[in-house]
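The structure under discussion appears below in the form of structure tokens.
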Amino acid sequence: MIQTFARRALQPQFRSLARFGQSNEEGDVSFLEQVYQYFDKAAALTNIPVDMLNYYKKTDCVIKFHLPLVRDDGTVECIPAFRAQHKTHKLPTKGGTRLSEHIHTEEVEALSLLMTFKNAVLELPYGGAKGGLKMNPKKYSKREIESLMRRFTIELAKRNFIGAAIDVPGPDLGTGEREMSWMKDEYTKFAGHLDINAQGCVTGKAISQGGISGRTESTGLGVFYGCREILEDYEFCTQAGIPAGLRGKSIIIQGYGAVGYYAAKYMCAYGAKLVGVAEWDGSIYEENGIDPDELQAFKESRKGVKGFPKASEYHEDESVIYKECDIFIPAAFEQTVNRTNAPKFNCKVIAEAANGPTTLAAEEILIKKGVKFLPDILLNAGGVTVSYFEWLQNLDHIRPGRMTRRWEETSKYKLLEAIQISTGLRVDVTKNQQAAKLLEGPSAKDLVFTGLEESMAVAVQKTKETASKLNISLRMAAYYNALMTIHQHIDTAGLR
């Protein structure tokens, strides 16, 4: 049985940091402190003992080391590398690997805590982790990046910080299937003869390297599924001052990478309208709507959004994000919605596709303006969910649907045959390509997408139920559910 203390005994301690964020006379706090503020605010809602809450907040392990890199010109450079494992109550731990000039120890600690909570919200069997290299990948050649990723993998393996049963990195800022494939290849060379599941050491790999269909678009697709589910809630939309449903909603996105692009693509296909995008080289706006695919093609060719011909406005800064819209989607970095710029926003809903994009001080300002939040630890969990599917595929050594697709297709034809026998109707699907398509068995991507849709729908529903029951925000409900899930597991398993 879970031990409990009286709620009133917990509230003072775990509201102290929240009060600091509310007054915040000196400006926004650090990213790690921001995450701790949200943790403490949610902790005050629980009856979990204070000493256990202190343990749940702290990082189990974080390492920093330096990687030597021989540059293309022959000079040697030392690159700082990091990996944090926030909680190892469930193994493996799981979290991305980023290449960023701004990465540091506190950042990976904060991001790993968010991963622990994200995994708990989606009921994934992982602890949280995060890591990366302190570098700007745009300033390095392909050979140099490959050398660093391979060396990073070896150093993690030597420290027992990578493996399908230990710690499973995935893609993050500055990394993708190319970098994950390099890491997988290096690890299998290092330990593949000892570990039959070595291919599962990382996720987000190329399909030829053991990756899974749909991983690239998964985070953005998860944002779409989450927004669609929540915006079907009449009460939520009434409080936000918008009609229920995603269709017809105007959207502005900050950060048009894979997450931002796919979120826009699926939302617009469903009936929403993309009216603004902010990127590193400026921001664009078009009241009549921007085609996500056309903008993506332009961005890939020009390496930015500046000069996009079908936008009526271009600004050298990111000021487009402050224009009036229904939904603002921060899909870039942490703390982009902060105490300084919060009063400038004119949106009804902020759907957090990035990790930790909103500071507590900014949230409090915007809540007073009536803005509703869709929290990051719920909304952007599509990536880790599909990474979970990829990890399972690697452990099973078989792609989804390989043993069932043809059987499901055969079953559909038998059902059609039974209907024809019973009714006397004759249907020749061989002459109708569309009808024949409907009878096909599901592809691997079909299974991944429906699995993700189900996972997001269940997580959203549980979050909404907690928010309604306790009369709290969706963010606090997600944090509350995560804390209770973690506590139940550790309380049952014990700490000895």
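Heads up, the Cβ atoms here are built off N, Cα and C, so glycines get one too.
Pulled from TrEMBL, these are the features on record:
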type: ACT_SITE; residues: K130; note: active site, proton donor
type: BINDING; residues: K94, K118, S387; note: substrate binding site
type: BINDING; residues: T219; note: NAD(+) binding site
type: SITE; residues: D172; note: site 'Important for catalysis'
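Cα-Cα distance from K130 (active site, proton donor) to D172 (site 'Important for catalysis'): 9 Å (rounded to the nearest whole number). The record gives K94, K118, S387 for substrate. Within 8 Å of the mean position of their Cβ atoms, the other Cβ atoms in that chain belong to G95, M115, N119, L122, L124, Y126, G128, G170, A381, G383, V384, T385, Y388.
The number of other CB atoms found within 10 A of the CB of S387 (substrate binding site), across every protein chain shown, is 29. K94 (substrate binding site) sits 12 Å from D172 (site 'Important for catalysis'), taking the CA atoms of both as reference points. For D172 (site 'Important for catalysis') paired with T219 (NAD(+) binding site), the C-alpha to C-alpha distance reads 11 Å. Between the farthest pair of Cα atoms in the substrate binding residues (K94, K118, S387), the distance is 13 Å.
K118 (substrate binding site) and T219 (NAD(+) binding site) have their C-alpha atoms 13 Å apart, to the nearest angstrom. Separating the Cα atoms of the residue listed as 'NAD(+) binding site' and S387 (substrate binding site) is a whole-number distance of 10 Å.
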